[in-house]
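Colleague: Please read through the structure below; I'll follow up with questions.
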Ligand code: 3PG
């Protein structure tokens, strides 16, 4: 690309032109001058170069012209003008390589997020079947995540975030919503099939639009409102035809949807202007949620129930039960961490499409693993609801 003669900023460069074996760029009155180790023309030892944008790319000389005696610089002999251009292919190649690397990184984050989410859902349900204490199980997964991050910070595997009182204050409403959403989803999964919880949870965009419209006064394109018809209709069809329908399970999933809508609203407001990585943000959220949840978990279930239930589960399942608990707790933290790391790299819209895809993998895999009976009309309801969330994502663009 050709630019103005006046541009400067280059400190050194190598030409591919064999005419000039070795050049060094010098700044001179905002022009770029090249001193030549072997002057190509007798008496000429300076070249004014006409085209520069950045210093990173090699320059190719496209023309060289003697400027004559009027351009003679003091003690520097005659001056010739050369036009050079940067190697644009370098920029194209390096930006294409960076974009490809970014795509690979995001794909790894997505794949890890989904895989860990599927594993979490399977082991969480196995634990809840043997040990039906969702408040304990929710608190334990938050405690495990917090401990995991304290160890990562102490060993400097992860750089600890620098936070202030304002940060924790703005995190508080997010943590309250996260705690409610997490415990409500776990209560739901303790009462109904995991697939059913996730079918209802695929209605989250509908809750988001309704809350934003009626509580915050936001308006959306007509397509967004229309997409709510299949979302709500599909979820309703699925709920009405669910063989093991249970009101606590349904309400838990709905409360979780609402709580996560508020979590997203508060976290968007709280994070404005703050710089903290997705990984550390989720770690702080876990710690605060654990502190909020623990007293409620003790009040609702309590250590006596937990001790008796734990013994019972151990005697029924054996030592494998401990592995199940470890898998569900650790995977809960890690899948959320990867989802927040993905959110760091992509738009909220891509994130919500990814989340919907994740629900499909969870619904299908848990139906297979737990041999959940599914009627065709029930599956149709789930498919309509999920299709609706795709329409919603498209309409929101
Ligand atoms: C939880 O326990 O927090 C929920 O299962 C979360 O569900 P989601 O991450 O799939 O929305």
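Every residue, even glycine, has its Cβ placed from backbone N, Cα and C.
Unlike curated entries, TrEMBL annotations are predicted automatically.
Residues annotated as domain 'Sugar phosphate transporter' in TrEMBL: 105-393. Per TrEMBL, transmembrane segment is recorded for 106-123, 135-155, 175-200, 220-241, 247-266, 278-300, 376-393.
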Colleague: Restricting to the same chain and to residues at least six past its boundaries, which positions have a Cβ under 8 Å from a Cβ of the transmembrane segment (220-241)?
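Modeller: Contacts of the transmembrane segment (220-241) (Cβ under 8 Å, skipping residues fewer than 6 from its ends): 196, 199-200, 202-203, 205-206, 209-210, 212-213, 250, 375, 377-378, 380-389, 391-392, 394-396.
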Colleague: Where among 106-123, 135-155, 175-200, 376-393 do we find the most Cβ pairs under 8 Å to the transmembrane segment (278-300)?
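Modeller: The stretch I would name here is 135-155.
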Colleague: Does the transmembrane segment (135-155) make contact with the transmembrane segment (106-123) through 3 or more Cβ pairs under 8 Å, each pair 6 or more apart in sequence?
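Modeller: Judged by the Cβ rule, the two regions do not touch, with the required three close pairs absent.
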Colleague: Summarise the model's confidence over the domain 'Sugar phosphate transporter' (105-393) as a mean pLDDT value.
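Modeller: Mean pLDDT for the domain 'Sugar phosphate transporter' (105-393): 92.
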